[in-house]
Amino acid sequence: MGISPEMRDSWANRRESLLIASAFEEDRIRKSRECTQEGVRAGTKAAAVACVASAIPTLVAVRTIPWAKANLNYTAQALIISAASIAAYFITADKTILECARRNTHYDKSA
C-alpha cells in the first residue's frame with residue numbers, strides 16, 4: 001500500500017525537466033505571476049472596503065430594527081458581512097487579473 005519510492009522520487013523531481021524555457025516564456029511566466037499578485041492586492045483592498053461597508057449597516061440594523069434584532073443572530077450577521085467581503089474579493093481579483101492579462105497580450109498586427 002502507498003506510493004512506491006520510485007514514483008515518489010519521480011514526482012518530487014518533476015520540476016527538474018529536460019526542457020529549458022526560452023526568455024520569452026520566462027517573461028510570460030513572470031508577467032503572469034505579477035498579474036496574479038496584482039489581482040490579490042486589489043481583491044484584498046476591495047474585500048476590506050466591502051467588510052466595513054457591509055458591517056456598519058448590518059450592526060446598526062440589528063440594534064435598531066425590531067425584526068433584525070429578533071431574527072439575525074451572530075452567525076447571520078457574520079454571514080452577511082463575510083458574503084459581501086468574499087464576493088468583492090473574487091470579483092475584483094478576477095477583473096484585475098483579466099485586465100492585466102489583456103494589457104500583456106501581444107497580438108500580431110501585421111495580419
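Each Cβ is built from the backbone N, Cα and C atoms, and glycine gets one as well.
Just so you know, TrEMBL annotations are computer predictions that nobody has curated.
Proximity of distant same-chain residues to the transmembrane segment (46-68), defined by a Cβ-Cβ separation under 8 Å and at least 6 residues beyond the stretch ends, is recorded for 77, 80-81, 84-89, 91-92. The transmembrane segment feature in TrEMBL is assigned to 46-68 (among others).
Taking Cβ pairs closer than 8 Å, the transmembrane segment (74-93) reaches residues 39-40, 42-51, 53-55, 58-59, 62 in its own chain, all 6 or more past its ends. Among the features that TrEMBL reports, transmembrane segment is placed at 74-93 (among others).
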